[in-house]
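For reference, the structure discussed in these notes is given below.
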Amino acid sequence: MNSSETTICALASGVCKGGIGVVRVSGPLCKVIAKKMLGFVPKPRYAHYGLFFDQENDEIDKGIALFFPKPHSFTGEDILEFQGHGGMSVMCCLLESVISMGAKPADPGEFSKRAFLNGKMNLVQAEAVADMINANSKRASKSAFRSLSGEFSNQVNALTKSIVELRVFVEATIDFSDEEIDFLQFEQVKLKAKGIKQAVETILKSATQGVILREGLNVVIAGKPNAGKSSLLNALTQESSAIVTDIAGTTRDVLKETICVNGMPLNIIDTAGLHDSDDKIEKEGIKRAHFEIERADVVLMVFDAQDDKPDFSILPKNIDDQPLLLIKNKVDLISGAVKKEMINNIVQLSISAKHSKGMELLRKELSDIAGLEDFSEGVVLSRKRHIIALEESLASIDNAIMQLENGVVELMAEDLRFAGQFMGSITGEFSSDDLLGEIFSSFCIGK
């Protein structure tokens, strides 16, 4: 059945006990349900206080009812809301009554999906609804609100328009190549294409920061057994997240904690000590450690200050492109000072995790790697799919410039078409049903 023909309902206030609970209904049966449960259809956008009735006309609760007629509602459909006492028993009775009158339980994100399909918001704004709910810092929530307000969408739409306009012009040169029309010269076309490329690169940089702001920077602590990795995790999180003993190999699995530095989430991941082992459990822990190291945004290579230097042979071989910080731990044992220095073009921090010395120095270094100092107030929360689309669009624009330089105008127009499609996929202008299903299935029910 088409979504516009069905009526959906959900507990919009979440599955928890509270002072107030909200049941949200959207679809063509809203007026019918209102007449049965209230005895009348509420005046649009006015709060009505009264009794709620079930299918048998028995009283369920007393509260506030709101009616938003289409198209002036969140979903673009008729919307009815019941705001009652937040006990789960009361809310379940309200939901059961609404369902008995023809509504069906909403799927995760179905309200937002209908809002998107009915043109009430684009895909970026729909995603921002979920990001507002899941934001884990003040900075993240502010950035999500900017996306919800259309800031990111407007940037993408402006670029998409520029790409389309350039493609239309290039195609016109193909269609009317034999006629005397005053077209821009070669260098002007190239200049415009490079201007678009530069604009995409700027948005890509901001979006990359937005992904970090949304998902956090994955920081993996690696090193030999008893190097002080777990002590470092505890010092960074300021909690006893990991067991610390003098026995080497205490940590055999992966431990994960999230902290915030200046509003930026950092996912700190402690791993098993890296060394040769015949122990089956230790070997599995080392295997998992290698997996985390290979997918890390930054690796903290921890080694004992009593050793001459870190042993890089214990690290996986294919991490050359990943940021690496050398952490010279236990400097208190050699009467060393907390400091930062460069060792073979790699930053090395001398610290004492046990005594929490040098933690501010480490937090500052992690902030720099994440680009925190470069974060402007204009950064919006982004997703990895946005990054992929921007990178694909950028590659297509590069190809278009190359085709122009080679004099193959037809292929330039085709590459510009691809660039526009990749950009359009961000806001949902060009999106498959599979993509929409994947995006909205991650939402909570009632949104």
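Here the Cβ of each residue, glycine as well, is placed from N, Cα and C on the backbone.
The feature (6S)-5-formyl-5,6,7,8-tetrahydrofolate binding site is assigned by Swiss-Prot to Arg24, Glu81, Lys120, Lys447. Arg24 ((6S)-5-formyl-5,6,7,8-tetrahydrofolate binding site) falls within a strand segment according to DSSP. Around the Cβ of Arg24 ((6S)-5-formyl-5,6,7,8-tetrahydrofolate binding site), the number of neighbouring Cβ atoms within 10 Å comes to 23.
For 216-371, the entry in Swiss-Prot reads domain 'TrmE-type G'. In this model, the domain 'TrmE-type G' (216-371) carries an average pLDDT of 81.
As annotated by Swiss-Prot, K(+) binding site applies to Asn226, Thr245, Ile247, Thr250. Around Asn226 (K(+) binding site), taking its Cβ as the centre, 20 other Cβ atoms fall within 10 Å, counting all chains.
Per Swiss-Prot, the feature GTP binding site maps to 226-231, 245-251, 270-273. Ala272 (GTP binding site) carries neither a helix nor a strand DSSP state and counts as coil.
Other C-beta atoms found within 10 angstroms of the C-beta of Ser230 (Mg(2+) binding site) number 24, with every protein chain shown included. Summarising the annotation, Swiss-Prot assigns Mg(2+) binding site to Ser230, Thr251.
Cα proximity to Ala272 (GTP binding site) (within 10 Å) is found for the following binding-site residues from Arg24, Glu81, Lys120, Ser230: Ser230.
Comparing CA positions across the binding-site residues Arg24, Glu81, Lys120, the one lying closest to Ser230 (Mg(2+) binding site) turns out to be Arg24.
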